Number of protein chains: 2
Amino acid sequence: MKTLTGKDLAAAIRAQTQAEAAAGVQPRLAVVVATADEASLWYVRSIAKAAAGAGIACDVVDLGPGAAPDQIAETLARLSADPQVHGLMLQTPLPPGASAQELAAAIDPRKDVDGANPLSLGRLAAGLPAFPPATAAAVLALLDHHEVELAGRRAVVVGRSTVVGKPLAHLLLDRHATVTVCHSRTRDLAAVTSQAEVLVAAAGRAGLIGAAHVAAGAVVIDVGTNPTDDGGLTGDVDFEAVSGVAGALTPVPGGVGPVTTALLLRHTARAANLP
Amino acid sequence: MKTLTGKDLAAAIRAQTQAEAAAGVQPRLAVVVATADEASLWYVRSIAKAAAGAGIACDVVDLGPGAAPDQIAETLARLSADPQVHGLMLQTPLPPGASAQELAAAIDPRKDVDGANPLSLGRLAAGLPAFPPATAAAVLALLDHHEVELAGRRAVVVGRSTVVGKPLAHLLLDRHATVTVCHSRTRDLAAVTSQAEVLVAAAGRAGLIGAAHVAAGAVVIDVGTNPTDDGGLTGDVDFEAVSGVAGALTPVPGGVGPVTTALLLRHTARAANLP
């Protein structure tokens, strides 16, 4: 079995992004945060650190876990209108009563580097230029990097979230895969997933995908980032069990994650240089 | 086998729409046309006639087959801004060089009664209120009318168009079906479609779906409207062959079509009364 690591690819994307960032105006990413969630704050710090390494300015705008939806919307509208800001993302989770989908409509689509605005998703689905969510784009980038054929093949996505499962289904369709989307209400999940030549697990449930879910030789991409008791991360795929069946498998951590961050920065550098 | 006709459902929707239209301000639908295609013009006339029957005003704005994309965009923008117009649709086909997806962005989402603006598709995918394309909504309405269970069942959509296949996949996912989208690049189409408990043919190819494509007892919805040599319409499903296998099947004409027109008018009446 081949382990599909994301580190080399992430490093290559970062290097290219750094060159793009150095060639024009310095790109600036603004990340709006309204949570005390430790894992989320850790992720935001890791974005800021990676941005610095790529020559991209990163402003973390922390509204605190008590921020009102209106205040978040106003902040997103202000940053959307600010010509100094090229990329803009809203970190989740949000305070109770705040809807990420509704608030993301306040992000200028030209700055929507994490593809959160419903208009970006619609444009993606309609085949028009748009930034896809970085995680969904990272899955495609990993498949391409490891030269996994998609046209005409059966791809199964487990998870129907607006940020991963649904946009990913459109990206895979656009590459001519036959695409199935499964979710918590799918009956006999293993019967469906074991038909996949390319299987993407994005359900957010640790160990959901075991050996019985995977066809011999399948390519398996694990998008899960579930916290473990010891403060680490684990995927949706039981790595040990599935590695005995799959043809190729991404690790967690070190698979989709680093590519996601690298692509968020690439999108920011490109947003800074849109015509 | 049960024949899932759409005529009764369409009549019920029209009656309800007529009552809604009579209760408030008279709804007005504007249809922008830029084609000499006979089938398309026939469809527009049928919409205008149905609108009149439901107490809805219908303006056909015919720009002719030589209309420039800018002219179409300006017309859509003008009608979007016109407070007298509640529903607005752009009829296809369009002149060479005009992109329906790009032009539809000029339709005010609150008037986008045929769900053509990419923002409507994105909002639909994100689970936010939006008008779905009338054809995709008609498929769901027919399934509901005939009490076809969707949650947890396997649905397969053949066709990945922006106007039918993709929005329909989101509507089915939203109803908790496990959804597969097939298309012209799918290998062994029959192997995939014969796993469907609910099969929707929306490929635009006459007779594409035969008996070998359908599981015994499956519910089959035929969205195809392919012109026949004698001036009639035929679906994507070989009705005679499939009626020996399927549990239920829509006819063409008389299935999805009348429901589509009725829902377009319902959407217009609702658009006239949005808060």
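Residue 1 is the first one shown; counting continues down the chain.
Even glycines carry a Cβ here, placed using N, Cα and C.
What TrEMBL records for A:4-114 is domain 'Tetrahydrofolate dehydrogenase/cyclohydrolase catalytic'. The domain 'Tetrahydrofolate dehydrogenase/cyclohydrolase NAD(P)-binding' annotation in TrEMBL covers A:133-272. The annotation NADP(+) binding site is assigned in TrEMBL to A:Gly159, A:Arg160, A:Ser161, A:Thr225.
In sequence order, the binding-site residues near chain B, meaning those of A:Arg160, A:Ser161, A:Thr225 whose CB lies under 8 Å from a CB of that chain, are A:Arg160. Residue counts of the domain 'Tetrahydrofolate dehydrogenase/cyclohydrolase NAD(P)-binding' (A:133-272) by helix, strand and coil are 51 helix, 26 strand, 63 coil (DSSP-based). Under DSSP, the residues of the domain 'Tetrahydrofolate dehydrogenase/cyclohydrolase catalytic' (A:4-114) split into helix, strand and coil as follows: 54 helix, 16 strand, 41 coil. Looking at the residues that bind NADP(+) per the record, A:Gly159, A:Arg160, A:Ser161, A:Thr225, the two CA atoms farthest apart are separated by 16 Å.
The binding-site residues examined here are A:Ser161, A:Thr225; by Cβ neighbour count within 10 Å, the least packed of them is A:Ser161. Other C-beta atoms found within 10 angstroms of the C-beta of A:Gly159 (NADP(+) binding site) number 24, with every protein chain shown included.
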